[in-house]
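Chemist: Here's a structure for you.
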Amino acid sequence: MTEKEQNAENAPKKLSLKRREKTTVSATTAGGKAKAVQVEVRKSRKIDTEAAIKAAEAAKLKAQEEAEAKAKAEAEKAEQEKATAAKVREKAAKPTKAEAKPENSTVAKAADPEKEKRKAEEAELRRKADELARQKAEEQARKAAEDAKRYAEAAKDTVEHHNDSDDFSDYHLTSSYAREAEDEDNRRRENHIRTGKNKVTKAKKGGRDDNGSKDERSADRRNQKDMRGKGKQSKQGKRGSTLQQAFTKPAQVTKSDVVIGETITVAELANKMAIKATEIIKTMMKMGEMVTINQVLDQETAQLVAEELGHKVILRKENELEESVLEDRDVNAEKVQRAPVVTIMGHVDHGKTSLLDYIRKAKVAAGEAGGITQHIGAYHVETKGKIITFLDTPGHAAFTSMRARGAKATDIVVLVVAADDGVMPQTIEAIQHARAAGVPIVVAVNKIDKPEANPERVEQELLQYDVVAEKFGGDVQFVYVSAKKGSGVDDLLDAILLQSEVLELTAVKDGMASGVVIESYLDKGRGPVATILVQSGTLKRGDIVLCGFEFGRVRAMRDEDGKDINEAGPSIPVEVLGLSGVPAAGDEATVVRDEKKAREVALYRQGKFREVKLARQQKAKLENMFSNMSEGDVAELNVIVKADVQGSVEAIVQSLQELSTEEVKVKVVGSGVGGITETDATLAAASNAIMVGFNVRADASARRVIENENIDLRYYSIIYELLNEIKAAMSGMLQPEFKQEIIGLAEVRDIFRHPKFGAIAGCMVTEGIVKRNNPIRVLRDNVVIFEGELESLRRFKDDVNEVRNGMECGIGVKNYNDVKVGDQIEVFEVVEVKRSI
């Protein structure tokens, strides 16, 4: 078997269908009868299987490899033969020594002609053999190349034919009706092409013509269909190419540098990292934090999240402007000695303000409501040629924050303790504030003129809190004074001046001023008013002051007596007008050079405070979500607080919030400094709140709204009364308690049977009163065996409503007949008990 025949045998087999083939298919008609349908196939289709395609490709590769190997072998063989022939020629051309060496001159001359002729013939034969070998090798190489080319073309035709037949591969999978319709369409199109283009005669009956065979016609139809299919594909390709998008999705997310400020929302962080916000929320859930898309994150948390997701973080300080404004100071100014700032602290009613009155020679205590101080008073006095600034703080428990502020702003604390009262809770608290601020203490034992005064007891009690007198080896000066009579006051001032000399207090006098807000309030005529204690520099009229969230130019300054002044040096308290709003007590007040920058810093602080507050509220909402759901209904008392000064507002709001219990919560809907306005009244009406005015009054428009809406408005000037009335209002909102009170006891002496009531107990009332309509208990051996009510109560034959102690009666117990002699019947009533906080 030749190689060509072997390749033909290995070629993939193809299935050919006849042009005309009939078959019968049984089908069911609509009536349910069987019907035979003849199916005729008129197309020649060649179906190549996938195995055949693979075999063709394998054959092509194998043939190409064999042809290349054969050509290489033939070329090597030809080279080898050529080399052998060359060696033979060289050997023949080289004469042997015997031949080359003539025996003698006569032998050389008489050479044999036959020998020369034979040599020439051998050389000619060798040349012809070389030529034949070369031609044979070239012919074999050419044949091998042609075979390889032929095999490659055959394989290519096989693949192309397989692609052409794809359109017809599902021919036998369609129904006979569809195939007949397709064949009819093909015949019609074929006849149209034949008559229109080629101008040939009509086909004979049976679909044949004289010029073409069956195979040619089928090939024509196939070519026409292929051309139509290619046209469609090219159109679709063009249309698809116009709609193709130019975007390609990156294979990997780029990790960029993320700039994070002091606060950033989850959405902003996701935007900077070019990821979805849900990824950040998932990451934080893994870290144990529940957040929402709008939640504000602090810088540290945002940094952790960004680094967790593989980004490099660049931290940015957003308060750079604030720092630059505050650092722009006079650094080379000379420091001079300044006056001490003294805060007078102690328990309520121990005589702090009265002591300060005597020092100032002014009757301030009489002007305070109820004789107690409601806010910080700041005064400076001159004694022995030296100035001392006094801060008078409230002693009531509600004013803790005020006392803390006073201790922070001060140099020396004068602790006033009543000699007849001793150490009290606010005395202890004042000691703690002074210790926390690191401020030395001078103890003034007041009310020494009272007969029941016992200053030694005060000294002993203060030892428990590490306040050791100098006579006990400590460093605390004790001065006995009487604020009423003025005894010992000069000694107290000397002690203060001595303590200030020890502290060596200095401050810059001529530089830009800075200080602290002691108190602030809203004056209806003058606007926001802040009491500022200057701590360094000199505050002048016209200076630009940055004060917490507020800023402004100083329009006017007044001292504690209400006199206008133009400047105030270190340790001098002044009232300042001209701020944009009411600053919070305790804020730092700083003079800056540029009003525009001051406004920017104030706005930045407001925005930052708002973000932090929002973040805190959001966190509280998420953390307390389930606890709030489980609490159920809790009564709420809504309150709106308006007061004359900021410190009083803080104290009242804090005290009200501390009144909250598990059953009733006080919710401060609104608070502020200044008079009660129409806006406050409208808010109270909308939130159903109580309005509380502390040393303020409502204006005319607010009073109209209050009358129309029937709002509960209350005025106070003493914080005791305010808190007591709020407690009473909260007590009214508590759920009442019910208590059972025993009102009578009867002992069973005999049992009678009654046809209507059953067992009737003949009883003697031993205690209290037995009433007809009250609930009862039956006791046997002091154990309750039944609880119910009376069905009848008789005395002799008369029905009565009650029987008193020491009288006999007949008692019928409803739904209970097992009463025995010796049992006790206990009569009680349910009493509602009002609760209070």
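Using N, Cα and C of the backbone, Cβ positions are placed for all residues, glycine too.
Since the structure is predicted, the reported quantities are computational estimates derived from the model, not experimental observations.
What Swiss-Prot records for this protein is below:
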type	residues	note
BINDING	346-353, 392-396, 446-449	GTP binding site
COMPBIAS	189-205	compositional bias 'Basic residues'
REGION	1-44	region 'Disordered'
REGION	62-251	region 'Disordered'
REGION	346-353	region 'G1'
REGION	371-375	region 'G2'
REGION	446-449	region 'G4'
Chemist: Tell me whether Asp349 (GTP binding site) sits in a helix, a strand or coil according to DSSP.
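Modeler: It is coil.
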Chemist: Of the residues in the region 'G4' (446-449), how many are helix, strand and coil by DSSP?
Modeler: 0 helix, 1 strand, 3 coil
Chemist: Enter the number of other CB atoms within 10 angstroms of the CB of Lys352 (GTP binding site).
Modeler: 29
Chemist: Across the region 'G1' (346-353), what is the average pLDDT of the model, as a whole number?
Modeler: 76
Chemist: Within 10 Å of each Cβ, count the other Cβ atoms and name the one among the binding-site residues Gly346, Asp349, Ile448 with the highest count.
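Modeler: By the 10 Å Cβ neighbour count, Gly346 comes out on top.
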